[in-house]
Structure formats: C-alpha cells, structure tokens
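Let me begin by presenting the structure, written as structure tokens, before commenting on it.
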Amino acid sequence: NLFQFTKMINGKLGAFAVLNYISTGCYCGWGGQGTPKDATDRCCFVHDCCYGRVKGCNPKLAIYSYSFQKGNIVCGKNNGCLRDICECDRVAANCFHQNKNTYNRNYRFLSSSRCRQTSEQC
C-alpha cells in the first residue's frame, strides 16, 4: 500500500525522502501522462505500469509483507496480487535509489502543461 511504499522509499533514501517524489515530473504522484522527464520520472512511469498490471486487489490499499535485510528490500511470503504489489514498490524504491544522483529539483511540482505530449505505452 502507499504507506508501505513510503516506508520503502524512506528506508532506501533517508527519512522524509518520499517528499521529493510526491509530485515530480509527469508521473510521480497521482496519475500521469506525457513523456517521463528524467530517470526518476521513468521510475514512476514504470511503477504506474506495474500497478496497472496487478489483478485482484487495490495496489494503493492492500497490505503485503516485506522487510529490510542488510539495506535490501525483501518481499515476504505474499500470494498473488500482494506479491506483485510488493515487487512493484520494491523495484520503484530501488530505482529511485539508483537514480538519486540525477534527481532534478526543477521537475518538482511540474505544470501539467509540460506533460501534454502523447503518453508512452506501458
């Protein structure tokens, strides 16, 4: 769920790091359209696509099991859609971490008018 995803992001990037990803680029935050602006925005695009493939539960609300082991996010013994949601969130949190050095503050709170290009397909 979104609370667990927040904890994953903060666990990988530090306390309150999630605040940098709430409204960044064209895809980080609610909804999304256009072309991802940078690697961070691409992480969000891929995460949105991943959630779109989940069947059988609501990715934003369903509670799954996971833990941090030696700094790595490990999804627990979840079944079906819970496993899929955990994997979506784990991959995105790792993606943010891998691209933290290219995070661009200029894309925070980006106007939707800058995201009007034809949206990419998942």
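Glycine is treated like the rest: Cβ placed from N, Cα and C.
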Handout entry: Residue in Asp38, Asp48 which Swiss-Prot records at the Ca(2+) site where Tyr27, Gly29, Gly31 also bind
Key = Asp48
Completion exercise
Disulfide partner of Cys122 per Swiss-Prot, picked from Cys44, Cys49, Cys50, is Cys49
Fill in the blank from the handout: According to Swiss-Prot, the cysteine among Cys28, Cys43, Cys44 that forms a disulfide bond with Cys95 is Cys43
Problem - Where Cys75 (disulfide bond) sits in the secondary structure, as DSSP reduces it to three classes - result: strand
